[in-house]
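Enquirer: What TrEMBL lists as domain 'Fatty acid hydroxylase' is 127-251. Sequence annotations record features per position, and here TrEMBL assigns transmembrane segment to 40-63, 90-109, 121-144.
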Amino acid sequence: MVVPCTEYGEAQAPVLQGLWEYVKSGQEDVLRSPYLPASFAFLAHVLLCAPFLTLDALGSVCLRVRSWRMTAGSGPPPSLSRWLECFCRVLYKYVTVVLPVTALFNTLINLKLPDVAPSCWQLCVEVVACLLLFDMLFFMWHYVISTVTIIGHHTPFALAAQDCSSAELLSLLLLSLSSAWMVGCHPLSEALFHLINTWLAVEDHCGYDLPWALHRLLPCLGGAPHHHAHHSLQTINYAPLFTHWDQLFGTYLNL
């Protein structure tokens with residue numbers, strides 16, 4: 001990677017160089033571990049679900065919170081016991097299938113850690129490219145698998161974003177890892193991409209149409225209503241993040 005130069009020809013370190021050196025310092029074995037992606041995906045998913053667990057808890061006693069649910073008339077939000085059952089199912093699938101297979105995948109691609117951090121522009125471009133590529137690959141995969149089997153959650157909640165079969169869960173993680181690999185992005189860009197992608201997946205399945213949700217700020221995003229419509233009707237809204245593929249192929253429906 002070429003280090004940017006100033007007008008006088010002196011090397012100028014990227015803004016993120018200090019952060020990257022801090023991350024790398026004494027942690028290279030962890031960063032190179034083939035088990036890191038699956039572990040990171042699981043922990044990030046659970047932690048990003050925490051705000052919606054709080055909302056579900058508040059929804060059992062607060063009518064205002066419950067009114068934000070897209071299934072507001074179907075009863076109270078999922079109970080804590082349902083959250084725990086879902087957590088155990090997802091953890092079991094990660095340990096038995098996802099972790100070993102993704103570890104093999106990462107061993108084969110032989111991750112290299114660059115010395116130089118990405119520029120802020122490079123970081124943004126790589127993250128956006130990964131999101132767009134993942135959205136396209138997921139749209140194609142989702143369309144094919146939905147014609148074979150019915151996938152749905154009758155009462156959506158955040159943790160259910162990964163409460164699917166082991167094969168489907170593995171496919172989703174491999175698609176995201178492959179997207180980052182095909183873009184060839186920096187590890188910092190890849191980490192940010194996975195965080196944003198996980199948050200959007202959690203928000204898609206949270207069961208709430210919140211006033212401050214990202215799809216209200218960015219019209220190009222589908223959001224929870226877009227994805228909830230897919231689980232309800234099955235044959236629409238296949239893309240996980242954006243709406244352009246569904247609009248292009250005539251599978252878009254805005255309820």
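Easy rule for this one: first residue shown is 1, then count along the chain.
Cβ atoms here come from the backbone N, Cα and C positions, even for glycine.
All TrEMBL annotations are machine predictions without curation.
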Enquirer: Hey, which bits of the same chain come close to the transmembrane segment (90-109), Cβ under 8 Å, at least six residues off its ends?
Expert: 34-39, 41-42, 45, 159, 162-163, 165-167, 169-170, 173-174, 177, 181
Enquirer: What else in the chain is close to the transmembrane segment (40-63), if you only count residues 6 or more beyond its ends and a Cβ gap under 8 Å?
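Expert: The answer is 69, 76-80, 83, 87, 90-91, 94, 98, 157-159, 161-162, 173, 176, 191, 194-195, 198-199, 201-202, 206-208.
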Enquirer: Run through the domain 'Fatty acid hydroxylase' (127-251) and tell me, per DSSP, how many residues are helix, strand and coil.
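Expert: So the domain 'Fatty acid hydroxylase' (127-251) is made up of 83 helix, 3 strand, 39 coil.
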